Amino acid sequence: MSEALGRTRPLMVGFLLFIIFQIPVGVATNLETIFLGRFLEGAFGSAPLAIVAGTLVDIFDTIPRGVATMAYMAGIFAGPAMGNIVGEYTVQNPALGWRWTAWFTMIIAAVGFVPAVFTVPETHNPTLLRRRAARQRLETKNWALHSKMEEEPIQLKSLAVKYGLKPIRMVIHEPILFIMTLYVSLVYGILYLTFVAYPFSFEVVRRIEPGPASLPFLAIFIGVVLGAAGMAWEMRAIFAPKLAKAKIPIPEQRLPVTIVGSFILPIGLFWFAWTSSASINPWPQIVSGVFIGTGIVLIFFSTIIYLVDVYLFDANSALAVNSLFRSAVSAAFPLFGAIMYERLGVPWATSIVAFACVALIPAPILFYIYGKRIRSWSKYAYYFG
C-alpha cells in the first residue's frame, strides 16, 4: 500500500490503530477480547515492519542505509528480549498485574507516535510528485498538470490486485525471496520460541522463581547488541571498501555476515540444549543466550538488508510478504513449542530447532555464489550486468 499511498499515511494509521487496540486488551474480561485485541494489534502494528525499509531506501545511500536498517532492527530484537523481563516483573507485581502489560505498551507507543506525526516526512518520490502536481494545478489553474502516478486512478480493487497480490506473486516466483523468507521466518520464530524455552528451562527444570528466571533474557539482549555492533563494524570496515571499488552495490556482498550467523546460531542452540540439566551450573546455559542473540541478529539483519538491496524499488513488497510469513511463524512457535518442550524436554526440543538451522546453512552460501545469475532471471530484482 505504501507504494500507492505513500509511506507516512499507512505508517501513521497503522501506528495509531496499534495504540488504540491496546485498550480492549487492558480492559478485557474474557479471553476472546484479549485474542481479538492482540490480533488487531499485530495486524496494524506490522505497518512499520513492512514500510520502514522502503523509507530507508528513499532516504539513504547504500552504506548509511545498511547502518540505519541495522539500528532500526536492533530495536525490534532488543524489545522482545527486554519485554520479557519487564513483563514478568509487571505481572508478578500485585499493584500492577497483567493488564499493565497493555497499558505500558500503549503509553510507550503513544510517546513515540505524537512527535512522529509532526516530524516524520513523506519520502516516497512518486507520492511527493503527485502532491507537487496538485499544488501546481491550484497555483497555475493548469488542470492538465499531473504526475505519472495520477495516470492510474487509485481504486480499492486495483490496489488490492496490484499491491495486495504483488508480494504473493513475488514470493512464489522469486527463489531468493522464498528461501530467505523461509530462513528469516525460522530465525524470527526461534526468538519467540525462547519465550517458551527459557521459562520452561529456568522455572520448571531449574525451579528458579519467575522474576529472576526471566533475567537470562539479558544474555540474548547482549547478543543482540554485540551482533548489531559487529554488523556496523563490518559495513564500515569491509563492505564500504568493496562498494567503493565496485562503484555499485552488490547484494551478495551482504551474505558473508549471514553465513557467519548461520554457524553461530546453531552453536548457541546446541549449547543451550545440552547445558540445561538442573545438575549443571546455570551460567553456561545463560551464556549460550549471547550466541543465540548474536546469531539471530546477524542472520536477520543481513538478510533483510540483502533483500532490500536485491529488490530495491520493490523492497516494500518483498518485506511485506517476508513480514507476513515470519510473523505467522513467530506466532505459531510458542504454541507448539510449549507442547514440544513438555514432551521432549529442553535438550531434544532445542536440538530439533538447531538441526533445522543447520539444514539451512547452505542457503546463504549458494546465493553468495549464484545470486547474481539468479537475479539476472528475475522480473523484480535490481540487476546490473
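Using N, Cα and C of the backbone, Cβ positions are placed for all residues, glycine too.
Feature annotation from TrEMBL assigns domain 'Major facilitator superfamily (MFS) profile' to 1-374. Across the domain 'Major facilitator superfamily (MFS) profile' (1-374), the prediction's mean pLDDT works out to 87.
Cβ atoms under 8 Å from those of the transmembrane segment (12-31) belong to residues 37-38, 40-41, 44-48, 51, 99-100, 102-103, 105-106, 109-110, 112-113, 116-117, 120 of the same chain, restricted to positions at least 6 beyond its ends. Residues annotated as transmembrane segment in TrEMBL: 12-31 (among others).
Per TrEMBL, transmembrane segment is recorded for 43-60 (among others).
Long-range neighbours of the transmembrane segment (67-86) within the same chain, counting only residues 6 or more positions beyond its ends whose Cβ lies under 8 Å from a Cβ of the stretch, are 49, 52-53, 56, 59-60, 104, 191-192, 195, 198, 214-215, 217-218, 220-221, 224-225, 228, 231-232, 235-236, 293, 296-297, 300-301, 304-305, 308. The transmembrane segment annotation in TrEMBL covers 67-86 (among others).
Residues or ranges marked as transmembrane segment by TrEMBL: 98-121 (among others).
What TrEMBL lists as transmembrane segment is 176-201 (among others). Under 8 Å from some Cβ of the transmembrane segment (176-201) lie the Cβ atoms of residues 77, 80, 84, 170, 210, 213-214, 216-217, 220, 265, 269, 272, 276, 285, 289, 292, 295-296, 299-300, 303-304, 306-307, 310-311, 318, 321-322, 325-334, 337-338, 341-342, 346, 349-350, 353, 356-357, 360, 363-364, 367, 371, 374-375, 378, 381, all in the same chain and six or more residues away from its ends.
Listed by sequence, the residues of this chain that lie at least six past the ends of the transmembrane segment (213-233) yet keep a Cβ under 8 A from its Cβ atoms are 66-67, 70-71, 73-74, 77-78, 81-82, 84-85, 88-89, 191, 194, 198-199, 202-203, 206, 257, 261, 268, 282, 285-298, 301-302. Summarising the annotation, TrEMBL assigns transmembrane segment to 213-233 (among others).
According to TrEMBL, the transmembrane segment annotation covers 254-274 (among others).
What TrEMBL lists as transmembrane segment is 286-312 (among others).
As annotated by TrEMBL, transmembrane segment applies to 347-370 (among others).
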